[in-house]
Amino acid sequence: MTLNPPPSQQTSHSPRRIPNRRVLIVGNYCHDVLIQNGSVVAETLGGAASFISNVLDSSSVSCDLVSKVGHDFRYEVTHSPIVAPEKETTVFEAYFDLGIDGIGHADRVLKRVSACDPILPSDIPDSRFDFGMAVGVGGEILPETLEKMVEICDVVAVDIQALIRVFDPVDGAVKLVDLKESGFYHILHRIGFLKASSDEALFMDVEQMKHLCCVVVTNGEKGCRIYHKDDEMTVPPFLAKQVDPTGAGDSFLGGLIVGLVEGLTVPDAALLGNLFGSITVEHIGQPKFDLMMLQKVKDEVQRRKKQCNISSSHNNDHNEFHERLSPARFSCVDSQLQPKLLVNGHSCDDRSL
């Protein structure tokens, strides 16, 4: 299974244009508040866009970011957001001790307690991009905004949470709706990738969606699974000592796009996503990727590309790439000094992503 990225939508009759900028990220920055036993244990910069841009910037992949924040935004970020002076920044509270979720998993309970303005089509630049990433977390991406993205990006990757999240009008608790009822379904045949967690995947028909685009379902310690037309493949995880799951799926998607930008096949790019996700869960808030680890990963990516260019038989030798990435993964600084968040009173050590 090679699964190369979907081809550019340009045709031989398309007008000549300047070279693409690489990646466009669309989604609001947030302020994340982590709460356990009634006490705030951490407050950090959040939002999928922040985790993804961290991965891309650390990997030296050029990206533009469109994000809106309120007048109260105080974080120092590499990619400046649009400030809505009459609004407050989107805030999420994550409760790690409110019981078991609706499908029997010990997990966090997430609430949106404030929301900044949505991102409009007019906020999106008119330049062309190789890849677009629709990664809203608080309902900020509109159908017309996604339509603008598919018009200006050769390939668009969408996180399903940007499409199916709704919020309780009383306490802001995050709930999910079926993808067909989200208001975005009519656009999805034009996107390249749809990423979902295993829980979120219950809100779509994977068998149907895999014929519209490449579907990637993440499943924590089991790695991830790729669905595209008649092909399916499981991509193995990396062992991780989980501290906080926030941002793991976002870092996964960032790693996936880094791999695609570098010219890897989809399974190899997803393996890179698993690596970045596994590092993220070992930190509270934004991880700081070790420079030595990043260089080793870059070296292995280049080695993998050369290997696959020499012989197509290496495309399916996925385990070797995993084995070579593992030492690079564990050359990063150990995160054992990070405080542990307990989910329903239990530590989340020794999980894999």
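Keep in mind that glycine also has a Cβ here, set from the backbone N, Cα and C atoms.
The annotation in Swiss-Prot ties Gly247, Ala248, Gly249, Asp250, Asn274 to ATP, and of the candidates under consideration, Ser197, Ser326, the one tied to the same site is Ser197. For Asn274 (ATP binding site), the number of other Cβ atoms no farther than 10 Å from its own Cβ, over all displayed protein chains, is 26.
Applying an 8 A CB threshold to same-chain residues 6+ apart, the list for Gly249 (ATP binding site) reads Ala48, Asp159, Lys195, Ser197, Thr218, Gly277. Taking the Cβ of Gly247 (ATP binding site) as reference, residues of its chain lying under 8 Å away and at least six apart in sequence are, in sequence order, Gly46, Ala48, Ser50, Phe51, Thr280, Gly285, Gln286, Pro287. The local packing around Ser197 (ATP binding site), expressed as other Cβ atoms within 10 Å of its Cβ over all shown chains, amounts to 19. Over all protein chains present, the Cβ of Asp250 (ATP binding site) has 29 other Cβ atoms lying within 10 Å.
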